[in-house]
């Protein structure tokens, strides 16, 4: 049981996630500064170093709440305070594996036109000096029901529509899927 931070996605970049803000929260005690994702990350980092035990940060919320962005900010914090930001660019490396999965796993909901339907479990490894030495990201499909059901005003996985729209392209023939794509043309407008 630990700290809970409620954050709101402002849908625009704000100067509250810059490098100087990371340094302002680094080394501070929880509650000494305003609530922030960096305060939560600092508390986990300090407890990891002090107790030499694994820590977890759970980022939860509904579609469009900013979960992926919050996870990126936490990773940026760890990379910076762990002395790894310039050495490994861990945030970019961990998230580099995400675009292919996101391209397949995003769908339109009533609140977000490009909502990820994947959950992510990210493990970040630290050495004895608490520097990041690696990371692993596992993804898992959250909404399998979208494969067989589509709610009103929503759209199933984008990749399905992209495949349908590209079925007449010469590159599509190489995929060997032509026999599966005898779909009505009006479906592509959905």
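Backbone N, Cα and C atoms are what each Cβ position is placed from, and that goes for glycine too.
If you check TrEMBL, you get these features:
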BINDING   61, 62, 63, 64, 65, 66, 67, 68  ATP binding site
DOMAIN    1-190  domain 'Myosin motor'
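Summarising model confidence by region, the domain 'Myosin motor' (1-190) averages a pLDDT of 79.
Of all Cβ atoms in the shown protein chains, 16 besides its own fall within 10 Å of the Cβ of residue 65 (ATP binding site).
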